[in-house]
């Protein structure tokens, strides 16, 4: 009788090992991942290790300096310690070239979050290796985003209720969570969840290859972005881990096929759980739909294994759920064809068709005439609220789906005058008018250090898109999207009084037809949609929203949304 360990909350579906044919397909999967650039070089890996070593030294120096300021002796200050942990894709071992490193700085109880954003921030700025830095202290999990020796790093901080943080510390003990506030709990949870996932899969190497493939697939198919209502990296990792538990002896190629089959047929909102949900020592909320109405509202719940268990997919909306399920069905069809030798793995990873899929798009552009750091904060806020706009749009009568794209489009221009800034806002975002921007200097990675550009005033732009599919039986019907769009603009403006300065921060929402999308959303080898010549000019049938005096003064533009959208 087999004594194989059982992983997960149920027994396996199958314990059969891989066949010769399946191993061959697995080899071809790995080759395709290499071809797609999923693996980094040994030198790139060594660079990451060196950067993390420097950050560990900085973490200890940070704790030491804060300790000395609080009148500790030199010996006590050194013993106070400080340690960094990684989490996310790097910790899981599935990072690729250019991936960021999610990094947690753990500090003792006398070091505060304010110290992190002052003392540690200053230590980072002293380093010659620092390329970029953007502190976001007001984020859900307060964060400092940096680029260090060319590597993007997201730094968060957690304070433990103990006087020392030695290098030997691990985070597995639930008692470490005592007496922490919610932000510290959330910060610690990333590393704790990542470590548990690795402990809960039968064969970590099989899991890693399968997860690399799913990450690549999800990015190519534009279903990878927690902020926009799709699963993020941790959620995709847990979904892959659950399939590995059900097929403990399968190779990665088989895991992929079963991944799409099982999840396309899953009885949502039945949760995906890697182990029984645990109680613990804290009076904190643990995911429980029997108690909490909010938990019952989760459409595709994927539950973190580390205490306190949370839903990693609470951001999924009705529209993004539809998109994800469509992609699961496509995955079933293609992987079945791969196993029948009718298609190759490259077919699975083909780019999405988002900008060809819909006739109508809502274009959301955040503008900043100021510093890059100002724009990162403003555009980051706008991005974080797009999901709320999606939820308001998808419940309108006549809208079948409001599908957010997962990647903002970033650009910046030299902008010497206010007239230039107004021109950018007026002409950007439409194929018909975007050539007017050629009169301004576009800032690129290649020219940004030139003296004439480096010191020039700049306008920064971040543009997001929502594809709209309408369900209108009466062709004379129109859909009014003005109210949710206006509420969205007002919400973004309300978060900080600085965002009321319309000479610096602006926000434009425009209703754009597929053939009028700007060139930047298409690859060079893609043929952009064209306007059908036989169709009547529908623009004349649009009832344009007239800007109120306050809107005109503010500089916000919601004209392009049109209050009554003609969807014919």
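Each Cβ is built from the backbone N, Cα and C atoms, and glycine gets one as well.
Taking Swiss-Prot as the reference, the stretch among 481-524, 525-568 described by the feature region 'Disordered' is residues 525-568. Same-site candidate for ATP binding, as annotated by Swiss-Prot with 87, 88, 89, 99, 100, 101, 102, 154, 215, 233, 234, chosen from 224, 247: 224. For the annotation phosphoserine, the record in Swiss-Prot points to 452 among the listed residues 38, 319, 452. A distance of 20 Å separates the Cα atom of residue 89 (ATP binding site) from that of residue 314 (site 'Interaction with RNA'). In sequence order, 88, 90, 101, 103, 145, 152, 153, 155 are the residues of the same chain, not among 100, 102, 154, whose CB sits within 8 A of the CB centroid for the Mg(2+) 2 site.
You'll find the Cα of residue 145 (site 'Interaction with RNA') roughly 24 Å from the Cα of residue 314 (site 'Interaction with RNA'). Considering only the recorded positions 294, 387, 452, the residue whose Cα is spatially closest to the Cα of residue 154 (Mg(2+) 2 binding site) is 387. Cβ neighbour count for residue 233 (ATP binding site): 23 (other Cβ atoms within 10 Å of its Cβ, all protein chains included).
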